[in-house]
Structures are given as C-alpha cells and as structure tokens.
Amino acid sequence: MSAVRTQWASPGCLHSPRFSTSSSCMDGSYAEIVVVRHGETEWNADGRIQGHLDVELNEAGKQQAALVADRLSKEPKISAVYSSDLKRALVTAETIAAKCGGLEVITDPDLRERNLGELQGLVFREAAKFSPKAHKAFLSHRTDQDIPGGGESLGHLFQRCTSSLQRIGNKHKGERVVVVSHGGVIRSLYKRACPNGKSGGKVLNTSVNIFHLCDEEWTIKSWGDVSHLQQTGYLESGFGGDKTSG
C-alpha cells in the first residue's frame, strides 16, 4: 500500500476546448457518469488474472467500497447505479447504491472485464510459461487479436463497453449516474474519450473517473481520484487496472 494520491487526466482530455465551448453541453443536456473500478480482490493482491472469472472482494475491497460509497453519498445526487454482473463490481455497486438513497443496481454484462481466455486464473508473471500463445496474443497491440480459449480482442471489448456507456448516457441526460466496472473496461472508455491522448495510466481499485457524455461527444472531467482511500490505501501496482486488464 502507499500514501493516497490523485491522478488527473492528461490536459488535452481533462479540459477539452470542445467541452468548454459547446453550448449544447452547457444546458444540462449531457450525462455525468461517475465510472468506478471495483474494490480490491485477493486475486488483485496476488497478481492473478481474473477476466470473466467471478472473484469476490477481499476485506480491503469491502472497506474501499464503503469509503467510495460514503464519498459519493455526500456529492450531487445520483440518479441510477449500473454495474457489471461480476461479483467484485456488483458488490461494490450495491454498497454505493445502498448509501446513495437505496437505489437498485442495474446490471449489464457488457460492462464485464475483458474475457482473457486461457490466461484466466493464472498468476500474470507465470502466464508466459503456462500459456505462451495466449500470453503472446495478450501482449499484441492488434485490436483484432483474440486470446486463445475464448478470449476477446481489444476491439470487441472496446465496442461492447463503449456502446454500453453510450446507451447509459443517452438515457440519463441531465442526470448524474454511477457505473461500476473493471480496469480493462475503464481503459477502453478512456480511449474513447481521448483517442489521441496519452495513456490514462493505472486504474486503481475504487478510483473515481468522471465522464461527460453529450450525444456522441465524450469528455473527461476528472480521472483516477482515490482521495477517499485515506483509511485503507490501495494496491500501488494497480494490478488488473493497468495493461494486465484482469
């Protein structure tokens, strides 16, 4: 664990001129979507690849969920809470929903982590040894490269999760909603908002990342805020929220 710090989006994404000058997004017609990564799991702590495997929060993760829920309950009203249907995200979302007025969590499988095929369940540092073809596919920068064992390409992940957030944005114009998801998904959402920007870096457990969606235009208001984690700290490695996407 390390001392708490806050990351911010790269300047070209955080203060987009398009956002600051777009009158269509200044009259409440945009959706403010607070995207939160799930709390920590034992597999995050162990450096083990999760993907679609349904791993539960550990005690640190439950504390992180409670802290981000308390934080969001003190901020502007939340109209709805959406989540991946995997337990680590869903329990985080349920904790937030209970604290923010007893809302019912709406699950969407399109918010799941990337399916990592044969790599799922392996410790990342041993993946090249036990599944070399899948590991090589995972390291590929090709967006159409599937991972052996039923794993997804980066392109498929990008399409399904950005389509999900766009649907949510279209439904909740003028509202503030929470979406709880996974590291690989949130990195894809960042890429959609900042296609020409620098990498968003590590997506830490229960980090708060705020998107504004105005029709097809996406901007980022803030990125990687973990200021609520003063009591528990966080995994500095950001495992699963960096290029390991697990």
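Using N, Cα and C of the backbone, Cβ positions are placed for all residues, glycine too.
Annotated features in TrEMBL:
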- His38: active site, tele-phosphohistidine intermediate (ACT_SITE)
- Glu113: active site, proton donor/acceptor (ACT_SITE)
- Arg37, His38, Gly39, Glu40, Thr41, Glu42, Trp43, Asn44, Arg88: substrate binding site (BINDING)
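Pairwise Cα distances among Arg37, His38, Gly39, Glu40, Thr41, Glu42, Trp43, Asn44, Arg88, the recorded substrate-binding residues, top out at 15 Å.
Each residue contributes its Cα atom, and for Arg37 (substrate binding site) and Glu113 (active site, proton donor/acceptor) those atoms are 10 Å apart.
Taking the Cα atom of each, His38 (active site, tele-phosphohistidine intermediate) and the residue listed as 'active site, proton donor/acceptor' are about 11 angstrom apart.
Just so you know, the Cβ of Arg88 (substrate binding site) picks up 30 other Cβ atoms within 10 Å once every protein chain is counted.
For the pair Glu113 (active site, proton donor/acceptor) and Arg88 (substrate binding site), the C-alpha distance works out to 11 angstrom. With a cut-off of 8 Å between CB atoms and residues at least 6 apart in sequence, the same chain places Leu57, Ala60, Gly61, Lys62, Gln63, Gln64, Ala65, Val68, Arg88, Val91, Thr92, Asn205, Thr206 near Gly39 (substrate binding site), listed in sequence order.
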